[in-house]
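J.: Pulled from TrEMBL, these are the listed features:
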ACT_SITE  His188  active site, proton acceptor
BINDING   Gly12, Ala13, Ala14, Gly15, Gln16, Ile17, Gly18, Asp43, Asn106, Val130, Ala131, Asn132  NAD(+) binding site
BINDING   Arg93, Arg99, Asn132, Arg163  substrate binding site
DOMAIN    6-153  domain 'Lactate/malate dehydrogenase N-terminal'
DOMAIN    157-325  domain 'Lactate/malate dehydrogenase C-terminal'
Amino acid sequence: MAKDPVRVLVTGAAGQIGYALVPMIARGVMLGADQPVILHMLDIPPAAEALNGVKMELVDAAFPLLKGVVATTDAVEACTGVNIAVMVGGFPRKEGMERKDVMSKNVSIYKAQASALEKHAAANCKVLVVANPANTNALILKEFAPSIPERNITCLTRLDHNRALGQISEKLNVQVSDVKNVIIWGNHSSTQYPDVNHATVNTPSGEKPVRELVKDDAWLTSEFISIVQQRGAAIIKARKLSSALSAASSACDHIRDWVLGTPEGTWVSMGVYSDGSYNVPAGLIYSFPVTCRSGEWKIVQGLSIDEFSRKKLDLTAEELTEEKALAYSCLS
Ligand code: NAD
Ligand code: LMR
């Protein structure tokens with residue numbers, strides 16, 4: 001029997017991530033090839049005409065799974081009945097700007113959209129915040145949507161996770177699908193800590209630790225970390241625009257694994273509400289290694305954290321604590 005359609009909201013749908021993301025959702029990349037979807041697309045009035053153009057293209061593409069499209073500049077209409085909300089709308093970082101520069105522009109947007117989601121989304125709506133500063137926007141959304149369970153509000157660090165997998169695969173000249181269990185700790189910013197201490201590669205002679213195969217500890221503890229931390233800035237420098245296809249694809253990975261589950265023995269990185277695990281301060285949206293089952297994520301427990309890693313985990317937590325204070329100061 002055919003499944004009922006799932007309503008998926010994409011905010012900022014006329015923007016460049018939106019343009020890459022909505023066809024992926026309509027093709028089943030996010031929720032599976034047997035899951036019909038109804039797309040809700042929100043943007044602001046100056047982008048209304050472009051948004052309508054995206055809607056026209058969705059019709060023209062004749063996606064079999066796409067059962068309806070709502071394209072609107074009204075947040076209430078956009079949020080009504082949605083089961084999944086991918087929050088991409090906002091002001092993007094431009095060359096030379098730090099994430100903090102875009103903070104004040106974005107936190108007020110997230111405060112307003114929190115209320116619309118809280119009042120009008122379907123019960124148990126899952127929220128993924130992509131727009132930067134992603135962790136802090138998600139935190140603001142959580143604070144101003146108190147009736148949405150905190151476990152339902154997450155932010156995107158899967159792009160950083162995928163970037164880390166990509167770098168290891170290039171370094172070792174192995175398939176990216178054979179690399180697993182890297183971790184992104186903390187903020188989606190240049191203080192994030194890409195950690196390979198528990199990562200492995202599937203080789204013809206079994207699973208081997210990344211550290212054993214790379215052999216170059218200096219590369220792993222300096223260049224690798226900074227390449228992943230700075231990859232967003234490198235893309236902006238190269239394209240004069242921030243990453244879009246990789247962000248859209250990673251947003252699909254994030255929701256797919258959350259809803260459909262992570263493969264056995266594999267974890268992924270998600271920005272989630274900290275419960276104090278690994279001595280990360282509670283009350284931040286912080287990227288942890290998680291496994292997902294039956295639509296629920298769970299932080300992977302019991303991983304060893306060496307002294308080098310501890311410092312990195314604390315540094316990015318400090319930045320998030322500062323961002324939280326700055327966000328509140330922008331709202332007052
Ligand atoms: P973009 O400027 O191309 O698109 C943003 C869209 O949001 C625009 O169409 C704009 O009109 C719309 N918008 C602005 N205010 C809005 C509001 N209040 N409600 C609804 N829509 C609104 O930007 P982009 O390149 O698509 O990037 C979007 C965001 O994603 C940026 O904040 C960017 O920094 C962030 N980003 C995050 C990651 C990540 O991994 N977390 C990766 C890449 C980009
Ligand atoms: C990215 O990681 O590509 C985005 O967050 C863009 C940015 O601002 O770095």
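Including glycine, each Cβ sits where the backbone N, Cα and C put it.
Relative to the rest of the structure, where do these features sit?
T.: Residue density at His188 (active site, proton acceptor): 30 other Cβ atoms are found within 10 A of its Cβ, drawing on all protein chains shown.
In three-state terms derived from DSSP, Arg163 (substrate binding site) belongs to a helical segment. Every protein chain shown contributes to the tally, and the Cβ of Arg163 (substrate binding site) ends up with 24 other Cβ atoms within 10 Å.
On the 0 to 100 pLDDT scale, the domain 'Lactate/malate dehydrogenase C-terminal' (157-325) averages 97 in the predicted structure.
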J.: Near Asn132 (substrate binding site), meaning Cα within 10 Å, which of Ala14, Gln16, Gly18, Asn106, His188 (recorded positions)?
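T.: Cα within 10 Å of Asn132 (substrate binding site): Asn106, His188.
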J.: Those binding-site residues, Gly12, Gln16, Gly18, Asn106, Asn132, Arg163: which ones have a Cβ sitting under 6 Å from ligand 2?
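T.: Checked binding-site residues vs ligand 2; flagged Asn132.
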J.: Which residues in the same chain, at least 6 apart in sequence, have a Cβ under 8 Å from the Cβ of Ala14 (NAD(+) binding site)?
T.: Met41, Asp43, Ala47, Ala50, Leu51, Gly53, Val54
J.: Consider each pair of residues in Gly12, Ala13, Ala14, Gly15, Gln16, Ile17, Gly18, Asp43, Asn106, Val130, Ala131, Asn132, all listed by the record as binding NAD(+), and report the largest Cα separation in Å as a whole number.
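T.: Result: 17 Å between the two most distant Cα atoms.
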